[in-house]
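Undergrad: Quick one: the structure is below, and I'll ask about it shortly.
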């Protein structure tokens, strides 16, 4: 990406975002369960997706809907076992300026902290699915028909890609500015989001082909891309690219 | 200097006043400065004058240097245009099918084989040349674009389309009296243009694609054909209707009784038809039938109703009803010795257009009628006329041997068709010996033709099993062995004919691979040279603004009285490129021409290839001499990679018919991807202001694109996953009444939007308020009125005003809009002052006069926008109501795009021009077009004109067809000069770079479609998908080349001249 500041004229006081937003990548908890779970989690996800694939092709809406609880359970379990909840890192950090987070007050006891963070993150993920739905439509998804297909697909993407980020970052403004600006450091969570989104983007490629296959139905290919991209992105983000940034 | 003073309104200033104001204010300031420095307020007159002179000399030097740079830049682009023309020409000449035209004629007394049958007077015209004749005369009625399903009644009225049940007579007669009438599907060989069809219908051979372009001109048929045979045997031919016939057959028709009518006035549904109706019946009177032997009547009403309204329109139904009545009346006047043929030359697609090879376009109807019973069916189930065109179709070329044998004349030499079974099977349908006789004589003709053709081309014919020769042998054996029934003989000869036809279809898809490869090579090298030309080196950035350096350079230059040569390296680049290109061209022409002469191959296109290749090599050497290299082409930034991904993935996608078919959705996908990337990038900007604006414009860009995507015109291959919205229905080419709201919405909203974008940089000054607030608004209102009147005349809402008056008003309104946009618009653009307003105010502290230029920060962009706006207005008028909305949205998208580019500081990246090019292509689809010949909106020629007039009509159709690409091309400079002030250096160089990338996108597309069409030349979808896309890409490339030179670069020059006149030359 072009270096910010090309255009910053002399009049603009460069309050360069880089300085204050040196957020660190999220490391997986060091407990042994966490280390095991981080590897089991993608395997389970992929296995589950493959098991459900035929049903998905037969009836995308029902299958996506029925799978939600399972995927949700997997994501929640992964988050709780492997990831530090929002605020946990901040507490460790020397000083944290008020991030303007509403769910924060509840973060007293660590048990209730996890429960509240999970709930809030789930709520936020559901809400973000609406935004993702809109983005799908802007990319050309049908506006008036196939509403459940598109929405459930965005919900899956949101649960995979966004939920871990909400869980670890809460709604800290700077973190999200970094994430949305693709400046965040790579870790399992951000890598998963990038992978999921790229997967969804590439998932659109087979749709126009005239192969007349059932699996070309909307949004099966996108969902495949999301799952594949998420798993790959998560793995790469947690290992090879860990701590690196775009641009 | 860019002011922040929120003074809202400066008095509208004209050019002179602004210049004077600026000069005065500047002088004041200079005096002030001088006073401060030297403490001596000495207005030393002599010194002042000398400085003035020096300044004037300096300015004129810079101006003449600019003019030189400009000429060389234009020179480069003209050279590029020639390279593209040569590349496209080379490929086209090898790709579009060519067929050798043979001179031989069939003769009455010289049948290709001894006839099986014996009859009295054999070999004479009176009894029949090659076969006993059945009719003395024939009446051939050609109803242009009579699609087969128009003639098949639909009983269930809920299933019936508007055009059904309007023309049932053909079907009824064929069902009720099958021995008198026969109705069959009549399959055309593409291209389905009338001219090509007439050639096929009279010569019996396959038309080639090359002739398609001449559909406007028409040219005489040299080959043997039915009319030539008749004429040669002393028969008289009368022609009424479409004048394409007289162009193809000059001097064939009986002079005083034939009547030809202009065929291209698509708007006019009745003149030709009424002319035929008026003149045909008198000729059918028994006392006048002696004046002719073949009577041809060619109706155009159905075709024109299709072009103008589409098939599902009451006008089509009433036209078909008129035809129904006409045929009923005509049948009454036919005598026993006359054969009546009613046929369509091609069908029409869902919108009523034709030209391609979709099913609806090739499926015409054929109906033959005779008062005496003659027709038969070989199977009982054949008695019912086919319900769809897929059942028992016959080829259009089959009419040629059928008509020839029925009339007793020789079958034209080049015929490839076979006699139509129903016409020779006898009333009982068991006339196998007759069928065997006719199929044998026709097949022998084909065989003779094939032998001469192969001899003329010097190719050996295959005699392997399964080859036509093998089939021929087997048929001859069958003929000799035939016992009671000759059914086997008939089948064998028919097989021979079918196999030969199949081989000929393949054979005439004979591509000249050498030329195709040369064309592709020229295009590929052209793309590489263009890309290297526009590529940037690290220190190449001329746009860097350093005021101090600039000042130092300026004063240095001013002090030197000797003329300095060429600021900026690019002048030298263009100049040397053009020179090297010319030198290379001379050498290349010499080599290529020399080769052609020495080898005496007459293959002059090779010499052209030599010119282009030599020239390209010369240019490449010169480029490398400048230190540019192939390595420059590797992108170094995310945006560079994104441009590559967009361009290349689309180019690769053209290898697949699916991606070509769904290009409109794919363009939207890419545009949205860019918008999202831009929004992400905007979030990285340092200030919250930039971030919010960046995200806002990115989201806006995507949302507008998505809104535009609701305007759809589906191509046939997209069915059933696509619903057209461009017209009122899928079977129509008129707009729905609610769509009229769109031009009015554009009229209300668009000027306000443009104003808002100008106001944000305080550039709604100078001419802008008047031009955008009044002239543009007025033009848009007139365009909306035009389309309202058009809808009124199509829907016959106003019955009190005669149609002619309405049309006159429409044409005047349209011409007025075009005059506003192009004549007044260009004049205004040339003479307009910059969109700035200059004020001198006393500042509060110290009372020193201050020079304030409102709109200074966008001086270059705001003024240039006027040119874009002019083009948009004209294109809006020339697009149908749905298209006006698309173009309005496109202007808005262009504005948000240039804001995005500016906010993210990616002016010098390649992504801007690439997205603009994508946007142009996207809106090509959104203005109701597809990469198919039938989507050309021919009727747009009649928006500002009553009749076809050269060169205006093709120009108007071109503006309508390529509106998206043209507008995008005109808008290219905005990417680099939006929000730049007069001190922006190297505007011309930046523009030509941006234009280079923009053109490179189209050149790559053209190259890719060319390469794929060449590679997939045996693909089933070649003529349906790949070839039209190649033609679209090539045409678009040449058009952006031309517009780039004639409008974009010239417009930038005008802009720079006007701005530099006032603010001084920046470089």
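Every residue gets a Cβ built from N, Cα and C, even glycine.
From a predicted model like this one, the values you see are computed outputs, not experimental measurements.
Relevant sequence annotations retrieved from TrEMBL are reproduced here:
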- B:45-54: compositional bias 'Basic and acidic residues' (COMPBIAS)
- B:914-1049: domain 'GPI ethanolamine phosphate transferase 2 C-terminal' (DOMAIN)
- B:33-54: region 'Disordered' (REGION)
- B:516-534: transmembrane segment (TRANSMEM)
- B:577-598: transmembrane segment (TRANSMEM)
- B:604-626: transmembrane segment (TRANSMEM)
- B:638-659: transmembrane segment (TRANSMEM)
- B:665-683: transmembrane segment (TRANSMEM)
- B:738-758: transmembrane segment (TRANSMEM)
- B:770-789: transmembrane segment (TRANSMEM)
- B:809-840: transmembrane segment (TRANSMEM)
- B:861-878: transmembrane segment (TRANSMEM)
- B:958-978: transmembrane segment (TRANSMEM)
- B:990-1012: transmembrane segment (TRANSMEM)
- B:1032-1052: transmembrane segment (TRANSMEM)
Undergrad: Where, among B:516-534, B:604-626, B:638-659, B:738-758, B:861-878, do we find the most CB pairs under 8 A to the transmembrane segment (B:990-1012)?
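TA: Maximum Cβ contact count belongs to B:516-534.
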Undergrad: Mean pLDDT, the domain 'GPI ethanolamine phosphate transferase 2 C-terminal' (B:914-1049)?
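TA: Looking only at the domain 'GPI ethanolamine phosphate transferase 2 C-terminal' (B:914-1049), pLDDT averages out to 92.
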Undergrad: Kindly report the helix/strand/coil residue split of the compositional bias 'Basic and acidic residues' (B:45-54) according to DSSP, in that order.
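TA: Its residues divide into 10 helix, 0 strand, 0 coil.
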Undergrad: Restricting to the same chain and to residues at least six past its boundaries, which positions have a Cβ under 8 Å from a Cβ of the transmembrane segment (B:738-758)?
TA: 728, 764, 768-769, 772-773, 776-777, 780-781, 783-784, 787-788, 791, 835, 858, 862, 865, 869, 872, 876, 881-882, 884-885, 887-888, 891-892, 895, 899
Undergrad: Check for me, if you would, whether the transmembrane segment (B:1032-1052) reaches the transmembrane segment (B:516-534) - at least 3 Cβ pairs under 8 Å, residues 6 or more apart in sequence.
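TA: Counting Cβ pairs under 8 Å (6 or more apart in sequence), the transmembrane segment (B:1032-1052) does not reach the transmembrane segment (B:516-534), since there are fewer than 3.
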Undergrad: Using DSSP, how many residues in the domain 'GPI ethanolamine phosphate transferase 2 C-terminal' (B:914-1049) fall into helix, strand and coil?
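TA: Reading the DSSP string over the domain 'GPI ethanolamine phosphate transferase 2 C-terminal' (B:914-1049) gives 103 helix, 0 strand, 33 coil.
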Undergrad: Counting only residues 6+ away from its ends, which parts of the chain sit with a Cβ under 8 Å from the transmembrane segment (B:516-534)?
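TA: Result: 76, 80, 83-84, 86-95, 573, 577, 605-606, 609, 612-613, 616-617, 619-620, 623, 628-630, 632-633, 992-993, 996-997, 999-1000, 1003-1004, 1006-1007, 1010-1011, 1014.
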Undergrad: Is the transmembrane segment (B:770-789) packed against any residues at least 6 beyond its ends, judged by a Cβ distance under 8 Å, and which are they?
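TA: Contacts with the transmembrane segment (B:770-789): 12, 735, 740, 743-744, 746-747, 750-751, 754-755, 758, 764, 806, 809-810, 813-814, 816-817, 820-821, 824-825, 828, 832, 866, 869, 873, 876-877, 880-881, 884, 943.
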Undergrad: Checking distant contacts: for the transmembrane segment (B:958-978), what same-chain residues at least six beyond its ends satisfy Cβ-Cβ under 8 A?
TA: 543, 858, 860-861, 864-865, 867-868, 871-872, 874-875, 878-879, 883, 886-887, 890-891, 894, 897-899, 901-902, 907-908, 912-913, 916-917, 919-927, 929, 936-937, 940, 943, 984, 987, 990-991, 993-995, 998, 1002, 1035-1036, 1039-1040, 1043-1044, 1047-1048, 1051-1052, 1055
Undergrad: Who are the long-range neighbours of the transmembrane segment (B:604-626) in its own chain, taking Cβ under 8 Å and residues 6 or more past its ends?
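TA: Answer is 79, 82-83, 86-87, 89-90, 93, 515, 518-519, 521-522, 525-526, 528-529, 532-533, 569, 573, 576-577, 579-593, 595-596.
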Undergrad: Excluding the flanking five residues on each side, which residues at least 6 beyond the ends of the transmembrane segment (B:577-598) place their CB within less than 8 Å of a CB in that stretch?
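TA: Sequence-remote neighbours of the transmembrane segment (B:577-598) are 72, 75-76, 79, 533, 604, 606-619, 621-623.
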